[in-house]
Amino acid sequence: MLQSNASVNVSHPAPGDWFVAAHLPPSSQKIEVKGFVPPSCVYTFHPDMLVVRAVEVSILEPDVPLPQTLRSHPSYLKIFIPEYTQELRLELQGCVTNGSLGCPVRLTVGSATLPRNFQKVLTCVSLTWSCRLLLPSPPWERWLQVTAKSLAGPHVLVAFRAVATLTACRPWTMNLQHLLQSSPNCSCNASAALLPPGAGSWVPGRSRGAGGGPFCLTSYPVIREDTDVLSVRFWPADRVSVLVRSGTPSVMRLYLHTGADSGGSLGISLQANQTAVTNSTRVAICMNAASPFLSFNASLNCTTAFFQGVRLSLSAASRKADLVVPYPETDNWYLSLQLVCPESPEECEQASVLVETALYLVPCLNDCGPYGQCLLLRRHSYLYAGCSCKAGWRGWSCTDNSTAQTVAQQRVATLLLTLSNLVFLAPIAVSVHRALLVEASVYAYTMFFSTFYHACDQPGEAVLCILSYDTLQFCDFLGSGVSIWVTILCMARLKAAQKHVLFLLGTLIFAMSLQLDRRGAWNTLGPCLFAFVVMVTMWVYRCRHRRHCYPTSWQRWAFYLLPGISMAAVAVAIYTSMMTSDNYYYTHSIWHMLLAGSAAFLLPPREEHTKPWACSQKLTCHYQICRNHREELYTVT
């Protein structure tokens, strides 16, 4: 949608669930601080659906001619396709145009789908009495739409008779009794309650009963077992392998009949018996929706009337085949297997192969692997699953490593983000040397939790979590904010009682604000601005009281304050405007070093002419009365 409105017209849409998904183009990789930059534009997507129905739709019954007359408006027909229909033949007979011989008619069979349309179109322009269309394996148990439109113009009368002929297919339903008769060496495990009634021995390709036709497929009943949300397993009713022969295809039907089934991934794993498949034989496999592929003897393209199936094969060189269908269509899916011998067909007459099947529906394939996380997402009433990949991996199950980070790159990133926190040893040492023990403990806290938070916050294999991720993140954010808070207040040179009260009060405010919104910029920026105002106020007060610029020494400004302020400004610029997903590892490491370095430069020196913990008097009883001039506390040691 390049403009405010867009529309899509679909004529004769397929029945069932249609999905509309809207998304924005890929966003930039820039990491923006929440609340610091203007919020991105909010887009509203409001879909409307308008349906125009055809009122007059004639029902076309099999083998019953239906007279039709066309002028300017098309004619709509529908025919019901029962289960086990092998072929549909549509024929237009007795076509005349204004009383003369001719059949200028366009016949459209089927419903429209997106993005690919599998409708069949037949244009009849020859001067013959009939025009026909053959459709192998039409979709079972549904109405099939047929639209006839005249090509002779609005004032020309076209008359014809529409005839539909269905070729029925006789299935042989396999159960445990039949399988034991056909393969006496097979070890089976089943319940007698699952056995359908059988009749006679199983001989593929022969008729059953008087007047019966040949069997066209061997049907294996399948049990559907719902295990969890978007998690389904399909089992053959007798819990054994599927027996595959050359006479008729073996068919298994998978019921994906609920709307929630289309939100996962359909997986199929097939494995042939090691000794059954020879160099001259192979098992042809087709996976189709709506109807099975049955014409293995004619072709192996897995194409039905309105669906292009997926083709697989098992051979002596490859005895295992796997297939994954992400977000499968809500329908009945059919797995067809048949033994074929392209070079010597006579070898397949008595041959058979046991194929082990694993059929399942899962939210995410392989649980997204080690480089992804499976997420269940709900949009309105539609539930679907998807993989959220990390460390540059892509794909349905995070298996595409075309843009992935190597293990070496992951380790380098982890070392950069963790070891860069060792720069906090500098402000810790300066604080201890200047008797700023509270500040030193805050810097040590920040260094510890920032190191282990970034060791846990890694997307790949180089991960170490000593606590839960949420706990480490909270402690890291709290330590960063409180470190800035105590550094600025320490520069203000407040009295000890006032400074410690503000230290404690600021820590509590930081903890509360981080609990409300951990990513909000103003949760950290607000208290820091208040501390900056306190520092400026104290500096201005000292300037007016002493009638001299504060700090008074130009060396203090040149070698400590200006470098510290410059490092802090560069750190803020990197944090707010230069970090992206690609350069996060080294830009954030630079942020660590600049933040720690600026704290080391900005910490104030000790009071002049004062020695910490100086001993003022030595008593004869070997006790010392020591007085701290800054704290005005007396201790006996």
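Every residue gets a Cβ built from N, Cα and C, even glycine.
Any TrEMBL annotation is an automated prediction that lacks curation.
Confidence for the domain 'EGF-like' (360-399), expressed as mean pLDDT, is 86. Residues or ranges marked as domain 'EGF-like' in TrEMBL: 360-399.
The annotation disulfide bond is assigned in TrEMBL to C364-C374 (among others). Remark: C374 (disulfide bond) has P363, C364, D367, C368, A385, G386, C387, S388 as non-local neighbours, by Cβ distance under 8 Å and separation of at least 6 in sequence.
All protein chains considered, the CB of C389 (disulfide bond) has 22 other CB atoms within 10 Å. The disulfide bond annotation in TrEMBL covers C389-C398 (among others).
As annotated by TrEMBL, transmembrane segment applies to 522-541 (among others). With a threshold of 8 Å between CB atoms, the same-chain residues lying at least 6 positions outside the transmembrane segment (522-541) that come near it are 35-36, 477, 480-481, 484-485, 488-489, 491-494, 502, 506, 509-510, 513-514, 516, 550.
The transmembrane segment annotation in TrEMBL covers 557-578 (among others).
When the disulfide-bonded residues C364, C398 are scored by other C-beta atoms within 10 Å, C398 scores highest. Counting same-chain residues at least six beyond the ends of the domain 'EGF-like' (360-399), those with a Cβ under 8 angstroms from any Cβ of the stretch are 19, 229-234, 256, 259-267, 324, 326-328, 405, 410, 459-461. Shown for the domain 'EGF-like' (360-399): DSSP residue counts in helix, strand and coil, namely 4 helix, 20 strand, 16 coil.
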